[in-house]
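Peer 1: Please find one structure pasted underneath; my questions will follow.
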Amino acid sequence: MPPLFCVLKAFFIGLVVSLILVKPLIWLKKQGLQDRIHKDHCEKLEKLHKNKAHIPTAGGIIFVLSVVLSILLLLPCNLWSTWFLVGATLLWGALGWRDDQIKNKRKVGHGLSAKRKFFIQNCLAIGTVLPIMIAYGESFLCMHLPFVGIVSLPHCWLGYLFSFSIAVLAIVGTSNSVNLTDGLDGLAAGSMVIACLGMLIVTFAYGAPWAFISGVLLATLAGSCLGFLYYNRSPARIFMGDTGSLFLGGMLGICAVLLRAEFMLLFMGGIFVLESLSVILQVGSCKLRKKRVFLCSPLHHHYEYKGYPEKVVVRNFWIIEFLCVAIGIFAVFWG
């Protein structure tokens with residue numbers, strides 16, 4: 001089956017699964033998992049988001065189902081890599097699902113503690129990167145840098161350690177960044193569609209050994225997020241929850257590792273990077289200077305505080321993500 005046809009098929013699998021299954025999932029979630037509007041030390045946010053209370057959450061399970069289905073239908077079942085990806089998909093989905101379950105049981109809406117979640121994410125990332133590094137062999141030391149091209153690291157333990165660390169950081173960092181971005185109706189889902197389509201172009205341009213697998217994953221994620229966006233756009237009828245955001249970020253990071261293009265995430269996931277930087281700057285400034293840089297973080301909440309309508313913020317952030325991806329694509333062909 002031609003690779004391009006498989007990628008298109010993966011996109012439509014994700015799209016159709018989301019469009020068909022999200023609607024009944026909305027009804028099912030109303031029986032259990034619902035969003036909490038409690039925000040620590042953010043009474044204004046609680047008022048702004050009071051209309052979001054009791055909206056079904058954890059809808060991101062759709063993404064997990066879509067990816068597993070695509071992998072089983074489009075990749076050879078006699079290869080270890082197929083079952084490795086199925087396992088990674090289920091484990092990353094399980095992390096977010098467990099977090100949403102705990103949030104639902106607690107009145108204040110807190111899930112796993114930040115330290116425990118970070119520890120589990122690192123364990124999952126290490127368990128994901130190690131088999132990829134072994135499969136790549138010495139080729140794992142080759143990395144694609146924006147505007148530069150392929151760079152080969154020294155063939156020594158330091159080179160492997162650096163490559164391994166960057167890969168783990170890319171997965172964990174992207175997972176948390178998408179999680180931070182998921183704060184407004186349609187923001188994370190729409191941004192993921194743009195990011196995944198951008199990474200698809202990188203896939204065809206680089207042609208890494210695992211490019212076909214990465215293409216199938218990215219196309220499925222793009223289609224699934226697009227279908228989910230129909231129900232998640234303002235006013236949202238369902239939220240992806242941590243089940244969706246942690247999973248989407250983790251899978252986007254894994255795709256970058258498969259392509260040996262972790263640094264391309266700085267552009268392809270530009271809006272996610274900006275959201276994370278806003279939180280880092282805010283926390284750092286509060287601790288060191290006892291002052292805030294933003295009215296509230298992540299960045300999208302800052303503009304909510306300034307009085308911008310939610311739809312305007314989401315639309316503008318999508319535009320920023322599109323521009324970042326455009327720069328990233330230029331960086332690919334320039335290098």
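For all residues, glycine too, the Cβ spot is worked out from N, Cα and C.
So Swiss-Prot says this about it:
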- 2-22: transmembrane segment (TRANSMEM)
- 55-75: transmembrane segment (TRANSMEM)
- 77-97: transmembrane segment (TRANSMEM)
- 118-137: transmembrane segment (TRANSMEM)
- 153-173: transmembrane segment (TRANSMEM)
- 193-213: transmembrane segment (TRANSMEM)
- 238-258: transmembrane segment (TRANSMEM)
- 263-283: transmembrane segment (TRANSMEM)
- 313-333: transmembrane segment (TRANSMEM)
Peer 1: May I ask you to check whether the transmembrane segment (118-137) and the transmembrane segment (238-258) make contact, with contact taken as at least three Cβ pairs under 8 Å and only pairs 6 or more apart in sequence counted?
Peer 2: yes
Peer 1: Does the transmembrane segment (313-333) make contact with the transmembrane segment (193-213) through 3 or more Cβ pairs under 8 Å, each pair 6 or more apart in sequence?
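Peer 2: They are in contact.
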Peer 1: Against which stretches of its own chain does the transmembrane segment (55-75) lie, if we need a Cβ under 8 Å and a gap of at least six residues from its ends?
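Peer 2: Result: 1, 6, 9-10, 13-14, 17-18, 21-22, 25-26, 28-30, 33-35, 81-82, 85-86, 89-90, 92-93, 96-97, 100-101, 104, 213, 216-217, 219-221, 223-225, 227-228, 231-232, 236-245, 247-248, 251.
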Peer 1: Checking distant contacts: for the transmembrane segment (193-213), what same-chain residues at least six beyond its ends satisfy Cβ-Cβ under 8 A?
Peer 2: 3, 6-7, 75, 81, 85, 132, 135-136, 139, 144, 219, 221-222, 225-226, 229, 252, 255-256, 258-261, 264, 267-269, 272, 318, 321-322, 325, 328-329, 332-333
